[in-house]
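Below: the structure, in structure tokens.
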């Protein structure tokens, strides 16, 4: 591996360990030329399916975009950043498990709605109202009835 300080191509691995979450190998290295030390990480490269939008265009999957849309729905709701990240990870695991090269954005939207429903009913309704493009109050009422019936409250 090339030294980031002097560019020399010979480095020595001093220590190799698994990261805490087990998804990376951490290596401590020393440059044989300048004697400086640095750390490298080796991770699995995951390939998410391309997202096919309603207009037929294709975009790369972007975790940040998914996180932004979920955070918007969860704004001012009592849900931790950690819980949001865990939900996004579950969505990503489902996307990878599909084994497809492309998936429609509607499928991602449905996965997001399922996770939001588990996290916070209000956020679920907020997201559903935008995602499903509610045209009138009756559509809103239908989703409210569905959520309250599912939680045993009326």
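Backbone N, Cα and C define each Cβ position, glycine as well.
Database features (Swiss-Prot):
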DOMAIN    49-139  domain 'ATP-cone'
ZN_FING   3-34  zinc finger
Composition by DSSP (helix, strand, coil) of residues within the domain 'ATP-cone' (49-139): 58 helix, 8 strand, 25 coil
Counts by DSSP class (helix H/G/I, strand E/B, coil) across the zinc finger (3-34): 0 helix, 16 strand, 16 coil
For the zinc finger (3-34), the mean pLDDT of the predicted model: 92
